[in-house]
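Written out below as structure tokens is the structure these notes cover.
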Amino acid sequence: MSEITSTDARAQPEKKDFIRQIIREDLAHGTHTHIRTRFPPEPNGYLHIGHAKAICLDFGVAAEFGGHCTLRMDDTNPSKEDPAFAAAIQDDVSWLGFHWNALRHTSDYFEVLYLAAEKLITDGKAYVCDLNSEQVREYRGTLTEAGRPSPWRERSPDENLELFRQMRAGTFPDGTRTLRAKIDMASGNINLRDPALYRIKHVEHQNTGNTWPIYPMYDFAHALSDAIEGITHSLCTLEFEDHRPLYDWCVNHVDLPNNSHLLKPLLDKGFPQEPSQPRQIEFSRLNINYTVMSKRKLTALVDEKLVEGWDDPRMYTLQGLRRRGYTPAAMRLFVERIGISKQNSIIDFSVLENCLRENLDTIAPRRMATIAPLKLVLTNLPEDHEEQLIFPNHPKDDTQGTRTMPFSRELWIERDDFSEIPPKGWKRLVPGGEVRLRGAGIARVDEVVKNAAGDIIALHGWLDPTSRPGMEGAHRKVKGTIHWVSAPHAVAAEIRLYDRLFSVEKPDDNTDGKTYRDVLNPDSKRVVHGYIEPAAAQTAPEHAFQFERLGYFVTDRHDHDAAHPVFNRSVTLRDTWQRD
């Protein structure tokens with residue numbers, strides 16, 4: 001697994017976004033001597049491109065400042081979580097090129113969180129409430145009206161402690177009681193109106209089994225897990241800005257650094273005891289046009305079979321982007337290019353595509369392929385003519401070496417490279433016209449062969465024998481150059497032409513009554529059967545090529561093999577989407 005280390009990061013130009021400036025100041029003032037961050041996904045789905053920004057920031061910051069980053073599975077909602085999602089998350093983080101200092105689960109800390117909740121009860125800072133969820137919403141109030149205190153808000157600490165322990169013992173059914181923080185029902189911040197800290201949920205947990213009939217709420221568990229792990233800077237997106245006062249309330253009132261007895265369960269697990277007073281810092285989330293990133297909507301796309309699974313190359317999951325042919329380097333370049341700020345904005349999808357083009361232009365070997373093949377027969381060559389031509393694997397990188405490519409009397413060319421009635425400015429083949437065959441010589445079309453329906457099925461032509469490589473006529477000027485594949489040697493391949501999943505910039509915009517389902521791009525996937533040169537077929541899955549003049553393609557991660565090649569188009573050679 002490739003890693004982004006501190007050494008790698010420091011070789012890069014210094015980044016000066018506001019988060020890194022805060023960290024530099026904290027280090028300079030002695031607030032912290034060692035930086036610790038975390039990436040805390042919930043294992044209830046696959047990571048998407050928005051998570052890539054958080055991953056690059058969390059792990060990148062730690063590496064740049066010589067610290068470390070923890071990968072924590074936020075597994076507090078077992079009814080929606082699955083070990084398969086947890087495994088995919090680890091795979092995605094590794095694929096992006098990052099290595100976690102430790103792998104943790106919020107469930108590792110359930111005993112500590114329970115003891116912390118008992119402390120809050122004893123301190124008079126939490127109470128057991130008998131209101132159901134609908135009543136809680138009613139009592140909470142609105143943005144313009146203060147909330148009302150629960151009838152059970154003034155229970156004594158002893159009664160609350162007894163009830164909470166009964167909740168822990170599994171005495172009560174789901175939804176009948178919650179443990180709530182006692183903060184301020186009149187607060188202008190609704191998150192501080194006595195939020196729930198624990199709820200009853202008799203659900204088996206993937207890691208703890210049936211040990212726990214109660215589970216901590218996100219805000220409580222997240223804040224204290226950061227504190228338990230000694231996190232110095234808890235980086236999250238802007239929608240959590242209003243949750244920061246609650247985050248600080250949990251951290252400060254439990255006060256783990258000064259209540260080390262609460263950490264005793266960590267000793268049994270062999271975990272370090274390095275509690276901190278973490279600081280939450282918010283940054284803008286990643287928004288890209290032509291996409292949806294809501295987990296609910298992505299799930300609907302899969303469940304309704306509008307796409308072919310979570311790793312469909314049209315999906316914006318990291319699994320899907322990887323299968324499409326996006327590289328870790330391109331993803332990291334994209335995150336670096338869009339930067340880190342507090343201002344929400346929508347990034348044009350072309351920025352992501354250009355990062356991939358830039359990366360693949362440097363690393364992808366060149367190959368020839370035809371996706372809409374048309375046969376060209378060079379009638380002045382012998383029927384058994386065969387020779388091996390030498391081509392560079394990359395025109396700008398001699399270190400990638402060369403390959404041999406067979407050349408024969410019958411070739412496959414691209415159907416779009418011939419026109420009987422050419423438009424103005426046409427530079428490719430026409431009846432009686434000439435074109436250069438890449439690396440092979442200059443050819444002319446003498447005859448257009450059609451079937452009974454009038455469809456063109458072949459071209460017959462002539463290869464100028466004086467224009468072969470190394471001959472003087474090879475320098476003769478012609479207007480166009482086209483690619484080709486030797487027909488007897490070509491390998492048939494399935495080629496999947498992927499494009500953007502949605503046809504409009506804002507698929508989430510329902511102002512015209514249409515939902516994201518109504519604006520799916522009908523041409524987001526086309527499957528064609530073409531021909532590739534032999535050197536392209538004999539390669540492993542997830543290997544990228546530039547098919548000359550066609551775009552960047554990758555061997556499919558799951559379906560490709562040498563006997564039955566399958567290629568996915570990762571991105572076109574240039575941006576073909578017209579902006580409004």
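Here the Cβ of each residue, glycine as well, is placed from N, Cα and C on the backbone.
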Tell me which range among 292-296, 437-441, 547-551 Swiss-Prot lists as motif ''KMSKS' region'. 292-296
Swiss-Prot annotation of motif ''HIGH' region' - which of the ranges 8-18, 41-51, 470-480 it falls on: 41-51
Positions whose Cβ lies under 8 angstroms from the motif ''KMSKS' region' (292-296), at least six residues beyond its ends: 44-45, 48-50, 286, 316, 502, 507-508, 516
Against which stretches of its own chain does the motif ''HIGH' region' (41-51) lie, if we need a Cβ under 8 Å and a gap of at least six residues from its ends? 73-77, 80-83, 85-86, 88-89, 92, 285-286, 288, 291, 293, 295, 298-299, 310-311, 315-319, 321, 331, 352
Which binding-site residues (Glu42, Ile49, Lys53, Thr237, Leu286, Ser294) fall within 10 Å of Asp74 (L-glutamine binding site) by Cα distance? Glu42
Cα distance (Å, whole number) from Tyr218 (L-glutamine binding site) to His51 (ATP binding site): 18
Where Lys53 (ATP binding site) and Tyr218 (L-glutamine binding site) are concerned, what is their Cα separation in Å, rounded? 21
DSSP output for Glu42 (ATP binding site) maps to coil
Whole-number Å distance between the CA of Thr237 (ATP binding site) and the CA of Tyr218 (L-glutamine binding site)? 15
Cα-Cα, whole number of Å: Glu42 (ATP binding site) versus Tyr218 (L-glutamine binding site)? 10
